[in-house]
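*Asks:* To start, I am sharing the structure in question, which I have written as structure tokens.
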Amino acid sequence: MEGKEEDVRLGANKFTERQPIGTSAQSQDDKDYKEPPPAPLFEAGELTSWSFYRAGIAEFIATFLFLYISVLTVMGVVKDNTKCTTVGIQGIAWAFGGMIFALVYCTAGISGGHINPAVTFGLFLARKLSLTRALFYMVMQCLGAICGAGVVKGFMGKTKYQMLGGGANVVNSGYTKGDGLGAEIVGTFVLVYTVFSATDAKRSARDSHVPILAPLPIGFAVFLVHLATIPITGTGINPARSLGAAIIYNEDKAWDDHWIFWVGPFIGAALAALYHVVVIRAIPFKK
């Protein structure tokens with residue numbers, strides 16, 4: 001009996017109780033704000049670290065799953081002429097936003113849960129990660145997106161997949177290329193601005209009494225942007241998502257407007273990073 005009590009005591013000391021994150025139960029030390037140092041432009045040491053490659057694999061798997069679920073949902077809606085028996089535009093928006101919520105939650109502790117070259121680009125401009133890591137993430141995200149869209153095509157068959165548009169992003173009829181570019185810029189700004197706000201160390205320290213689960217507002221931002229811009233461009237705001245669907249679909253109409261789904265998100269991400277650095281980070285910290 002004494003031996004069992006000793007085991008319990010040692011176990012309790014080994015696995016200490018964790019404080020709830022983002023609540024007033026945090027200790028004063030936990031709430032202290034410390035601005036992390038800017039990431040170096042090049043960090044050669046990363047290339048010899050397993051955690052670097054593990055993070056890239058996490059980005060690949062997450063983007064693969066993201067494209068698989070989201071494009072398959074789009075296919076299910078498009079194939080029904082009346083849309084009455086499908087989840088509709090709202091369901092598509094929920095599929096995109098819900099998957100981002102789930103995947104960011106799963107991968108945030110491994111890679112940061114970017115799942116989007118525009119998010120990676122914005123965080124790079126804000127000096128949150130090195131150029132080496134940013135480029136590696138973007139490559140893995142694009143590869144994951146291509147594989148995810150490819151699996152959807154394999155399930156549906158080439159004929160049906162091509163007939164239904166392959167989930168590729170295009171500027172819809174009734175809108176100009178300028179409209180599409182503007183929608184992508186604003187939509188990506190909303191997303192990347194939300195990413196910065198949800199993961200801001202200063203806000204976490206100042207508002208520690210407010211419970212914040214970072215993936216939730218990020219996923220909700222994706223959902224809202226999709227509701228607004230699906231009628232215009234089908235909603236890109238993620239160059240990897242647009243590239244993966246375009247490569248697997250591989251029709252001229254998918255490539256005619258494809259530049260919009262890179263230029264727009266990168267401009268939107270750059271503006272969000274600029275706003276974060278110039279305005280948000282410049283605010284003095286006060287508890």
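A Cβ is built for glycine as well, from the same backbone N, Cα and C atoms used for every other residue.
Look at TrEMBL and you will find 1-35 tagged as region 'Disordered'. Under the heading transmembrane segment, TrEMBL lists 57-79, 91-115, 135-156, 212-232, 259-283.
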*Asks:* What stretch of 91-115, 135-156, 259-283 shows the most Cβ pairs under 8 Å to the transmembrane segment (212-232)?
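*Replies:* Most Cβ pairs under 8 Å with the transmembrane segment (212-232) come from 91-115.
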*Asks:* Residues sitting near the transmembrane segment (91-115): Cβ under 8 Å, six or more positions beyond its termini, same chain?
*Replies:* 54-56, 58-59, 61-63, 65-66, 69-70, 73-74, 77, 123, 129, 137, 141, 213-216, 218-224, 226-227, 230, 235, 238, 240
